[in-house]
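Taken from Swiss-Prot, the feature signal peptide covers 1-25. Look at Swiss-Prot and you will find 31, 66, 99, 252, 383, 445 tagged as site 'Greasy slide, important in sugar transport'. Swiss-Prot lists 143 with the feature site 'Important in sugar transport'.
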């Protein structure tokens, strides 16, 4: 009897400890990719992206190890009210050695409070650094609506016919919209705070299986006292987005139209940029002035074509028209069909084509890329991960123009100017050539 009594406190302590561990359970999410590759002409794997394009077809065409590690926890809950703490640390290295040191990027640290306002059931208050309602095309790793950064907002306000979200974020800019003192002493600063104010109305059901999302973003350079922008700087801009999502063929199709002005045209995703740093009050990076407009028409999706076939696809036209004639027109189209031999083994073929025309020279850069991959994945969907794949990639390109990146922006007043491929000073264009690579890669998200 005494032995039993002596064991009781220990049992209670162990049970309490187990309950504490359960109560403090941490959510672990993330993403990672890594591998090894070779180039047909020798050396490590090369990756291929058209000069002037903002992304590339990624299957068998990623040359880095990249990871995002997310830790989060619901730290308080009472009824339907709760607080959630979320973090995200990202790493990227060149995958060339065993020991590759890198400084982590602290990409997310935020708290989200749900159902805290009785008058707005279902709404969430949040503050901190956050990936905020990002919209992307997975197969080209292209984010076309992404205002992520430090910020605050109120999201998912139920209006009956849709959900309203309001947010403000910041993206400080090195160079870009840099400023200097208004007196005769030019005190160049490294960063200028760029503010973005975002309004979205989503989940509006407008047809069977179809929803509409509308958004408007305003971005501005927020100057310090007694400072002014460099002459010719793009001070602010707007971006308007309409996206229709249709459920179809066990997947989805998204059709997107976006229009942006001035400071919102450089990145074209909802974050603004201004002008480059002035040097000696006369030398500028040539691409500082982004006054003008952007028009983007995009269609992409992922569908099932039967028991054994899935497919991703994208088609996009983007026109950046700048007052300084340094804009581009970018066409891209690609498909990634997947044939499933078994629920965990598949073959993928990715074919992508890019064409980028220089507004200044009228010349075009084009590239097509073909990748064949054999893959083993955790499930029978094109989205199933983790995946291990072996691949072979062939790319062929013909580039007629590039950018003048000779010397540096302090000494070259035309730094960043679009120039023909035969520009005497040289340019960042790749000429007419082709190459093939092969290797193996893992990819996972959880």
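Each Cβ is built from the backbone N, Cα and C atoms, and glycine gets one as well.
Shown on the structure are the features that Swiss-Prot records.
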residue	record	contacts (Cβ under 8 Å, 6+ apart)
31	site 'Greasy slide, important in sugar transport'	66, 67, 68, 444, 445
99	site 'Greasy slide, important in sugar transport'	none
143	site 'Important in sugar transport'	134, 135, 136, 269
252	site 'Greasy slide, important in sugar transport'	245, 246, 301, 302, 303
383	site 'Greasy slide, important in sugar transport'	302
Other CB atoms, at most 10 A from the CB of residue 445 (site 'Greasy slide, important in sugar transport'): 13
Cβ atoms near residue 66 (site 'Greasy slide, important in sugar transport') (within 10 Å, other residues, all chains): 15
Secondary structure of residue 383 (site 'Greasy slide, important in sugar transport') (DSSP, helix/strand/coil): coil
